[in-house]
Ligand SMILES: [Zn+2]
């Protein structure tokens, strides 16, 4: 157990915060600090073909140790941390044999990690938790994933009696700013499928995510002295308000869950002459996703029609850009890759929690780039903030899941795509 703790701590104490305002890859030079360290470590544990490119993408191979042909499986994780909360000077705290009570993260600032607020804590009673000191994030997202992949590879290297096919490992920068997959060379990676080790609590297995688009809506107006404005002034802020009111009021993030999609107005800035509204559109269903985008166009057209005479040109301009798509479309045709992960979890006594992601992962982009890539738990909770923590036992279980997937894939009967019991 100490080994995995030491490894995890050696990663989280390296600051790798990414930066959305940077145009370089990696977005911050400091990500190289951990990237270079990981390259050394992969070589040192005995991985082959360890490469790092000029954008800090790391790849490595664990060669097959069986004679027969086995599909190459990949494991992917990201080494950057979110810019939403500081990741500098992380001082991890170890809580052994957690007693189910409040954990004082920082006595001086009275920062408490409490199970009365974070109920998930209670399922880890008796386990070893790694927390922050209340002043930074922890970085279990996704350094827990990296720890698990490296540890699993090391375990397979040291236990050659466990039979497996060729395994590829990929570590990326800049996932937290949505660019982790952008420069990922799927062809070079050469895996038939992969898993991101980037989920949260133990058992999570995800292969459905949102279809996502962003919209920027610009409203024009006409400024006239308010005392003489009758019939002349057009206030763009009021038109923007009408636009928001035309959106279905119960289809917002705060009113939806599960498979329910939404419109989310997240930015609004205006004056009389111009107001810019930004919103995002999310839906698991491709059809409903398209309908939502049409809805935006329809509201826009309706307002334009209303002001056509008075304004003379389009008073509202809607720009809609797709951001990512539901990986389900790419994963369902190769559903056995989810089934193997599910089976692996059951074999190491984990209850699989299969649920749709209300967001996206690097795996969904990779899936559309030709590498089907479901997401598996890395074990942490409360990502992107000071209450982030990870149970060491969950990390160990994730290591077992990786090892088991490698093992199951190398079994000659691995590729039963649809078990008979599930056939309709
Ligand atoms: Zn992550």
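Note: Cβ is positioned from N, Cα and C throughout, glycine not excepted.
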Additional site residue, 15, 19, 133, 141 [criterion: listed by TrEMBL with 78, 198 for Zn(2+) 1]: 141
Cβ-Cβ neighbours of residue 78 (Zn(2+) 1 binding site) (radius 10 Å): 28
Packing count at residue 175 (active site, proton acceptor) (other Cβ atoms within 10 Å of its Cβ): 26
Integer mean pLDDT for the domain 'Peptidase M20 dimerisation' (207-307): 97
Listed recorded positions with Cβ under 6 Å from ligand 1, out of 80, 141, 198, 384: 141, 198
Which listed residue (80, 141) has most other Cβ within 10 Å, given these are recorded positions: 80
